[in-house]
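TrEMBL has this to say about the protein:
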{"type": "TRANSMEM", "residues": "20-42", "note": "transmembrane segment"}
{"type": "TRANSMEM", "residues": "54-80", "note": "transmembrane segment"}
{"type": "TRANSMEM", "residues": "92-111", "note": "transmembrane segment"}
{"type": "TRANSMEM", "residues": "117-136", "note": "transmembrane segment"}
{"type": "TRANSMEM", "residues": "157-176", "note": "transmembrane segment"}
{"type": "TRANSMEM", "residues": "217-244", "note": "transmembrane segment"}
{"type": "TRANSMEM", "residues": "265-290", "note": "transmembrane segment"}
{"type": "TRANSMEM", "residues": "296-319", "note": "transmembrane segment"}
Amino acid sequence: MSEISENYRNTDLEIPQYLIHHYLTSGSISILMNSFVCYLLIFRKGRLDTFRFYLLAFQVSSSIIIYFQLNFQIICFICDFHLSFLMQLVPFFPYVIGGFAVGLLPTFSILSPHYCMTILSFLVGCQVNMLTICFLRKHQIISNISGKYKLSTKAHNFIAMLCLLIPITYSIPFHLTGKTRNEQFKIIEMNYPLFHEKFLQLTNFAIYEFDTMMKTFATIVLIGCVQSVNTVFLLTFQMYKALVICSSSLSKETLEKHKSSLRSLIGQFLVTPIAVLPAMLIVSTIVFPFDGAQVFTWFMLIIMTTHSTINCLVVIFTIPKFRKIILFWTKEGRKLRRIRMESRTMSFMGNRMTRNSFRNSMS
């Protein structure tokens with residue numbers, strides 16, 4: 001009997017209640033945080049100009065690219081909501097390749113666990129690639145101002161379309177890894193015969209094999225990750241160089257605005273591994289199994305569901321306008337309130353003078 005055949009009996013097929021409780025808690029916090037950030041981006045935008053729409057497309061249209069970004073601006077929130085409420089994944093890894101789902105979609109037989117997994121893998125890829133498009137958009141703005149490192153329209157559109165297509169490209173082979181219920185029970189009979197009766201009592205589960213389609217999926221995901229990291233690194237390097245070159249010709253306020261939005265993007269990209277790395281580590285337990293790996297995968301999912309909330313905190317604390325609103329008791333916050341009160345006073349006086357002028361002209 002092989003090592004895997006001996007070890008699969010240690011797999012726990014019970015639902016870990018603490019993981020479900022975390023899903024519900026983390027998902028609720030994510031809804032509140034994302035709603036607040038969307039409110040800030042829409043109604044407290046300050047001087048973020050049209051770039052706020054690209055940030056909004058990552059959290060929650062002009063040209064086709066803006067249309068896609070506005071539709072994907074909620075992608076970060078949707079991914080956590082899908083995992084925390086609609087799916088609620090409980091993996092069997094490492095010795096049993098699969099898992100079951102206890103969320104709303106599988107419970108009410110709306111979607112199978114495999115379809116839920118396909119959607120989750122697609123949404124995780126969309127997070128990374130939509131943020132890459134945000135970098136691309138910011139690069140276009142800065143390069144137009146500085147006149148340096150300009151991308152041709154064809155190159156810009158090619159990179160944008162590549163980012164949009166990668167999640168679709170790897171989702172197709174992953175979807176093709178799905179098995180019918182009869183095929184899954186054949187795999188169970190062959191690889192996990194002692195669990196046959198237990199699986200008969202489960203309804204919402206999915207069993208996989210590390211076949212050609214699964215290897216294709218893993219390869220495309222790896223290529224996509226390398227492409228995103230290299231693209232973001234190159235664009236960031238060029239943007240900083242362009243800002244240094246044109247810093248003398250820009251006002252201090254304009255320069256700080258671009259630096260602030262760039263810092264926010266970099267911060268969001270740095271927390272992206274919270275969504276991607278746990279998924280990769282979960283899959284890696286198949287290749288490198290160890291004692292306690294199943295509990296390890298559950299904790300990786302706990303970390304994964306915090307990405308949206310942490311990303312919201314990054315957005316709030318890397319954009320000065322939002323940071324001042326939150327930290328209202330600080331010197332920055334008091335200064336912002338004073339400026340807003342002065343602005344309202346000036347606006348009121350202007351409106352009053354306009355009304356008086358209108359009355360005088362009518363008399």
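Any Cβ shown, glycine's included, is placed from N, Cα and C.
Note that this is a predicted model, so its numbers are computed, not measured.
Contact between the transmembrane segment (296-319) and the transmembrane segment (157-176) is absent: fewer than three CB pairs lie under 8 Å, with pairs separated by 6 or more positions in sequence.
The stretch in closest packing with the transmembrane segment (217-244), judged by the count of Cβ pairs under 8 Å and taken from 92-111, 157-176, 265-290, is 157-176. In this chain, the transmembrane segment (265-290) lies in contact with the transmembrane segment (92-111); the count of Cβ pairs under 8 Å, excluding pairs fewer than 6 apart in sequence, is at least 3. Within the chain carrying the transmembrane segment (117-136), a Cβ under 8 angstroms from the stretch's Cβ atoms is held by residues 54-55, 57-58, 65, 68-69, 72-73, 75-76, 78-79, 82-83, 87, 89, 99, 101, 111, 156, 159-160, 163-164, 166-168, 170-171, 174-175, 178, 206, 217, 221, 224-225, 228, 231-232, 235-236, 265, 268-269, 272, 275-276, 279, 307, all 6 or more beyond its ends.
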